[in-house]
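Enquirer: When I checked Swiss-Prot for this same protein, it listed these features:
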TRANSIT   1-57  transit peptide
ACT_SITE  Cys105  active site, nucleophile
DOMAIN    105-504  domain 'Glutamine amidotransferase type-2'
BINDING   1183-1240  FMN binding site
BINDING   Cys1236, Cys1242, Cys1247  [3Fe-4S] cluster binding site
Amino acid sequence: MALQSAPKLLYSSPSPSVFSANERRVAFSDFVGLSKKRSRRRRIAGTFRNFPALSAVSSAIKAVVDVDRAHHSTDSGSPTVSTSSHPLDQQVVNLEDILAERGACGVGFIANLDNKGSFQIVKDALTALGCMEHRGGCGSDNDSGDGSGVMTAIPWDLFNDWGKDQGIGPFDRSHTGVGMVFLPKDDLLAEEAKKVVLDTFAQEGIEVIGWRSVPTNVSVVGRNAKETMPNIQQVFVRIIKEDSTDDIERELYICRKLIERAASSHTWASELYFCSLSNQTIIYKGMLRSEVLGMFYYDLQNERYTSPFAIYHRRYSTNTSPRWPLAQPMRFLGHNGEINTIQGNLNWMRSREPSIQSPVWRGRENEIRPYGNPKASDSANLDSAAELLIRSGRTPEEALMILVPEAYKNHPTLMIKYPEAVDFYDYYKGQMETWDGPALLLFSDGKTVGACLDRNGLRPARYWRTVDNVVYVASEVGVLPMDESKVTMKGRLGPGMMISVDLSSGQVYENTEVKKRVASSNPYGKWVKENLRSLKAVNFLSRALLENDTILRNQQAFGYSSEDVQMVIESMASQGKEPTFCMGDDIPLAVMSQKPHMLYDYFKQRFAQVTNPAIDPLREGLVMSLEVNIGKRGNILEVGPENASQVILPSPVLNEGELEALVNDPLLKAQMLPIFFDIRKGVEGTLEKRLNRLCEAADEAVRNGSQMLVLSDRSEELEPTRPAIPILLAVGAVHQHLIQNGLRMYTSIVVDTAQCFSTHQFACLIGYGASAICPYLALETCRQWRLSNKTVNLMRTGKIPTVTIEQAQKNFCKAVKSGLLKILSKMGISLLSSYCGAQIFEIYGLGKDVVDIAFQGSVSKMGGLTLDELARETLSFWVKAFSEDTAKRLENFGFIQFRPGGEYHVNNPEMSKLLHKAVRNKSESAYAVYQQHLANRPVSVLRDLLEFKSDRAPISVGKVEPATSIVERFCTGGMSLGAISRETHEAIAIAMNRLGGKSNSGEGGEDPIRWRPLTDVVDGYSSTLPHLKGLQNGDTATSAIKQVASGRFGVTPTFLVNADQIEIKIAQGAKPGEGGQLPGKKVSAYIARLRNSKPGVPLISPPPHHDIYSIEDLAQLIYDLHQINPKEKVSVKLVAEAGIGTVASGVAKGNADIIQVSGHDGGTGASPISSIKHAGGPWELGLSETHQTLISNGLRERVILRVDGGLKCGVDVMMAAAMGADEYGFGSLAMIATGCVMARICHTNNCPVGVASQREELRARFPGVPGDLVNFFLYVAEEVRGILAQLGFEKLDDIIGRTDILKPRDISLMKTQHLDLSYILASAGLPTMSSTAIRKQEVHTNGPVLDDQILSDPEIIDAIENEKIVNKTVKIFNVDRAVCGRIAGVIAKKYGDTGFAGQLNLTFEGSAGQSFAVFLTPGMNIRLVGESNDYVGKGMAGGELIVTPAENPGFRPEDATIVGNTCLYGATGGQIFVRGKAGERFAVRNSLAEAVVEGTGDHCCEYMTGGCVVILGKVGRNVAAGMTGGLAYILDEDDTLIPKVNKEIVKIQRVTAPVGQMQLKNLIEAHVEKTGSSKGASILKDWDKYLPLFWQLVPPSEEDTPEASAMFEQMTSEGASLQSA
């Protein structure tokens, strides 16, 4: 297929067009790392529909497909078929295997409702696929696609032609199956594999008719993909013994499973893969770019290839080594997204294998096991689960409603109008754990085609229907040219929604129709009502049960410290929420500590970053649930009332009475299992033996019918020789044992324990298998606290809130529940039932024997304690409780707050004093003392276990690169102005600019006054920055790195164009997966001005970026930022955790210039204690994994690697360099050097030296000067020089990635004897470029973009330069992304955010790509005639944006979705008018923009802090969540709005204030004038009728404004009268 030439841009303007026909050709040679060969081969397969009027459009799309990609990827390895002879002996579900495969995609389907097969459907699918190339990735060769493919009906005409030629056709369609097979590349091995296939079919009585070598064009395959390209063949079989389609499909499914099992013992097993084996569908796919797919497979070019439908898929994988089988579609599904709960899902699927039975399998269930493959991707495993259900008789729609249910509990419409659907979900909630995570799922079994969206609606999905009876669904609109007059319906899938096409009947079933049909198939409501029991709430105890001495002994025995009791339990009992703290976790890891730790401390929570988003549990709680079902889970393949026989709990937190009620439930047959072990014969081996006996007892109890096991450490009297097994170890061991023995589905594990009091501990127990926990000692501690004289006195004097004894316990449980929601949400998980058993933790410091017995599959990279050592640590608590000199109070271990004699804190007072002395006195000797202090400290971090080595002779320091060169690699952390004071923020920036290093603005914007050099300094003071001292003329206070965080506060076009680098903060070391909130008391007038908000109004930063729900979304934001400022480098900040290397690969392919790896020990202004202590990992492991993965994938040279988190000195810098870092970040140390005294009260706004306070009287005490920080960094650089000289190296470049200069220290600590540091010391090789060369590379480019051509027009240039008015009209396509962003950048650089007096009136016609009209500035008036995708108007600071459908559409505009999700995100000005509906999260985090739209999805106006939004149609759920400023007006014609509004903050009222009425009417009038809206015109025509139907949403900050208060004018006039009087 020849590449068609591109047409001219279709402009209409007063003057002739200046754009030539060649201007929009594909021009890849400008891209970083792309060769001419690549440019020539960049083509799109297939042709467009023959719409004569749009032929130019077709050609244009072909010419511009993906002109902006400079980042690509592929996958690694091949899926491993289980080699087990029995499914229960299969490989353990290992998190590291799962984390190696992550990704996202672009997907869609086309279906003809008349069920007419045509080649046009196939061509259109390939065209649409090509127009989503930007959603895919390529490997390090820039040419091997991550994967693309199509699923269609079997092209019988094509195959019959071939069959006739071979003398074996035509085929009997009703009894012929076709397999699309990847065989081993080696010819001999391929023949072996074919023999296994033949033998298996023969064994099943199925005739193999013939094999067909699939004709392919290998020349279009990328180098990496070609190396692993399989031998691709098709096998044709005849099935005579079955007649029905379902039975034939089942027989083929069994055959495929048997072939996989037979092949598993061969070395080539992983190279044999059936893409499809069916009588209905076939899949063509491979590690190919989307535009190459149709050229690679000649079949797809053959007009005899006809199909009534096609599903297409383009993959973006974070991994890069080609892996052909993981291209999609899978056998039933095309998946765009990621399953967060995959490890738990696989464990539970493995657990249910023995219980799965169905008559349709005729006793052959054993032959179709296993149902999952831990070596495959999450998408492949979800497909396997769906395949099992569908082949067992479920429809695809029903299967996906079971696996991926919507958030039905808080859905008023569903509960009122479709109760049968609610009953269906209630029934299956106890049978199948949700496969949770972002997911747009396309599905087909050949009879139906459809799509559904996850419960959170986190992937885009648009659909439309035409007059010729074709339905389209796609990740983006504009992937095909459409005559709008022939489009009869346009819409989008919202959260949890589904659309289905029945190919035989030609019916299209939209969401509620699908759900109702499925749910009505059985009497689920009757079964649930009769069998599902709810646990009734039982009152908390009103008296203490233990004497003071007894409770003290219990607390000591079970590992409590005074900090645990006072700062955690008592705080939660008093406040009802989790306590917060600050400054990060600066104590040793548990395995390196000299203090005893509870087992939980060896576990770190995992969290979402990049590949899936975190959730806001406070503002989006409607999608979350802590409900738990207790009891036996039934056979998922059969339905019946007995499956509903369970007890439902509202949460997993039980009090004593509720536990007793469960134990007494006769149907559960609860069995109590005590967990004490006897040490009278010694400790060695005792714990392991007792665990084995516990597991055997659990096994026996389940076989005897117990549906609830209660593991308990409760005893009337504790015995000194019978300590309790760590409850987490007991739960994990029993859970794993029951899985391995096929018994796990028959029972629930409930815990009755003293060893649980923090949210992290609850999460660990649930994550490793417990369904519910009764924390009896924590509840007793709450009771004792409430009854103590001290508490009574504090309540009497009003120093703490007054609570009853019952309320204290209720508060504690409330805090635990909210903490659990936060832990789930930071991983992006909505349901506790999905979290249970999902093992979403990383282990630091436990040995293989511990992991194998209780935590199989969890990541544990460094080994650690053995079972016997763990027993001794447990015993150390027990011994203290029974020793003769037992303390009369709990010990304070100092794990949270520094205290003399407590746990060692790296950031201790002595360290701070030594550093202050060195930098303030500019004393080298004092710095040497500081160095010695660090060198002599206890082992605290992983790098303390390492030391340098070298085979080189030392050299003179004079030969080493100068300190001035080294300091250029230093940067400071992203500390927001708001969290820290203006004085601190500016002093740090000035110091870094003096050095040539980089400071980081943090979130919140930056005062433009800081962008100019100081010229008015006299005696160290400047009238420009009068609050600072120690200044010099020429100083600048600008932050070289400007941060884009989730709240987008202060992010304006001018802010971005004045950056040297832009950092996208995905996560923060001290609280990864969480957002933030700047309290109103810290929002001064100055802070409010910078953040475009009001003083005193709390400012909420969401947990996720709402334009980053996947890896391709991140690539889009990077694209947006490169668009507005092509000269800036874009960095992405990640936090160390298992799998970060895989994520980093995707980030590198997403065109990031810098990747920053942050350690868990980074600082924070405020965070929950559990997050500070128990989330994130050491940067040593994260950096090593990132560097090694990038090296292995050939991506290391693309990015600068930066590291931060607890760096203190030159030794730390050298260690980080050896592990692969190019640059080095200092956060807490930079603050200490500028005056911080580590008071650790940042979160209170009471910092005694004004470093972290907005109180003016405290800020006046700020002691720092920029020179102090300059001195510190120069000392660090000189220290680096000294070490380099000792090792014999002349420059840092020489050691970066050289782990061979590191070796383990000869040191033996109490708990580190079995630590294995080989992971850190491993080497994957070195980059092919030096670090300096990598750092000096040009910024990654977006390549040729539409904005560049617009900016080349002389009239546009003249209008910008001379502030004139110009009018232009431009054609636009979905591949044109971030259009207007570069134009806005040019204007902002010249005029700032408000200075441009000209007008650029640009009209775009067509379907705009993502981020249309991004970062608009005043003077830019943009009109789109057509439709757009996600992120319209993102970050706009001014101007006007109008979106209207094309003229004479075949649909009603007010009923159609014409803009996508997350529009107006972070807007700080301007107006937008949309004639039609928007998707989810319209106006999220809007600051000052005004908008009119005719309907929205869920979460509209979320986190708004200003501006005004008018909605003239229906809205989704959760309106105005987190909205602290601005106003919203919503038309409510059918009286359904109020239940949809999140009432936590806003007040709902009618529009009664005359000023508000005028504001509303003026905006609607403008909307009608600019868009021609018929809906708006109808409202204005009958204003008196419609005005009372509007609601006004008013947050507290707006209550006294004239727009919201009808009393305002009266009060104003009365005040004026009084003044005149």
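Glycine is no exception: its Cβ is also placed from the backbone N, Cα and C atoms.
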Enquirer: What is the interatomic distance between the Cα atoms of Glu1223 (FMN binding site) and Cys1236 ([3Fe-4S] cluster binding site), given in whole Å?
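Expert: For Glu1223 (FMN binding site) versus Cys1236 ([3Fe-4S] cluster binding site), the Cα atoms are 24 Å apart.
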Enquirer: Restricting to the same chain and to sequence separations of six or more, state which residues have a Cβ under 8 Å from that of Ile1191 (FMN binding site).
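Expert: In sequence order, the residues whose Cβ lies under 8 Å from that of Ile1191 (FMN binding site) (at least 6 apart) are Gly1297, Ala1324, Gly1325, Leu1326, Pro1327.
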Enquirer: Rounded to a whole number, how many Å is the Cα of the residue listed as 'active site, nucleophile' away from the Cα of Leu1207 (FMN binding site)?
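Expert: Rounded to the nearest whole number, the Cα-Cα distance is 37 Å.
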Enquirer: In sequence order, which residues at least six apart in the same chain have a CB under 8 Å from the CB of Leu1183 (FMN binding site)?
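Expert: Result: Ala1136, Val1157, Leu1201, Val1203, Ala1216, Met1219, Gly1220, Ala1221.
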Enquirer: What is the interatomic distance between the Cα atoms of Met1231 (FMN binding site) and Cys1242 ([3Fe-4S] cluster binding site), given in whole Å?
Expert: 12
Enquirer: Nearest to Met1215 (FMN binding site) by Cα, among Cys1236, Cys1242, Cys1247 (binding-site residues)?
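Expert: Its closest listed neighbour, by Cα, is Cys1236.
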Enquirer: Measuring Cα to Cα, tell me the gap between Ala1239 (FMN binding site) and Cys1247 ([3Fe-4S] cluster binding site) in whole angstrom.
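Expert: If we compare the Cα positions of Ala1239 (FMN binding site) and Cys1247 ([3Fe-4S] cluster binding site), the gap is 7 Å.
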Enquirer: Determine, to the nearest whole angstrom, how far the Cα atom of Cys1242 ([3Fe-4S] cluster binding site) is from the Cα atom of Leu1207 (FMN binding site).
Expert: 20
Enquirer: Between the Cα atoms of Val1199 (FMN binding site) and Cys1236 ([3Fe-4S] cluster binding site), what distance do you get, rounded to the nearest Å?
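Expert: Their Cα atoms are separated by 33 Å.
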Enquirer: Quick one: pull the CA-CA distance for Cys1236 ([3Fe-4S] cluster binding site) versus Leu1207 (FMN binding site), whole Å only.
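Expert: Their Cα atoms are separated by 16 Å.
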Enquirer: Go through Val1199, Ala1239, Cys1242, the listed binding-site residues, and name the one with the sparsest Cβ surroundings, counting other Cβ atoms within 10 Å.
Expert: Ala1239
Enquirer: Using Cα coordinates, what distance in whole Å links Leu1207 (FMN binding site) and Cys1247 ([3Fe-4S] cluster binding site)?
Expert: 23
Enquirer: What are the other residues, in sequence order, whose C-beta lies within 8 angstroms of the center of the C-beta atoms of Cys1236, Cys1242, Cys1247 at the [3Fe-4S] cluster site?
Expert: Cys582, Met583, Ile980, Met1231, Val1237, Met1238, Ala1239, Arg1240, Ile1241, Val1249, Val1251, Ala1252, Ser1253
Enquirer: Could you say whether, by DSSP, the residue listed as 'active site, nucleophile' belongs to a helix, a strand or a coil region?
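Expert: It is in a strand.
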Enquirer: Which three-state DSSP class does Glu1223 (FMN binding site) fall into?
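Expert: DSSP call for Glu1223 (FMN binding site): strand.
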Enquirer: Below 8 Å Cβ to Cβ and six or more residues apart, same chain only. Which residues does that give for Cys1247 ([3Fe-4S] cluster binding site)?
Expert: Ser981, Cys1236, Ala1239, Ile1241, Ser1253, Leu1258
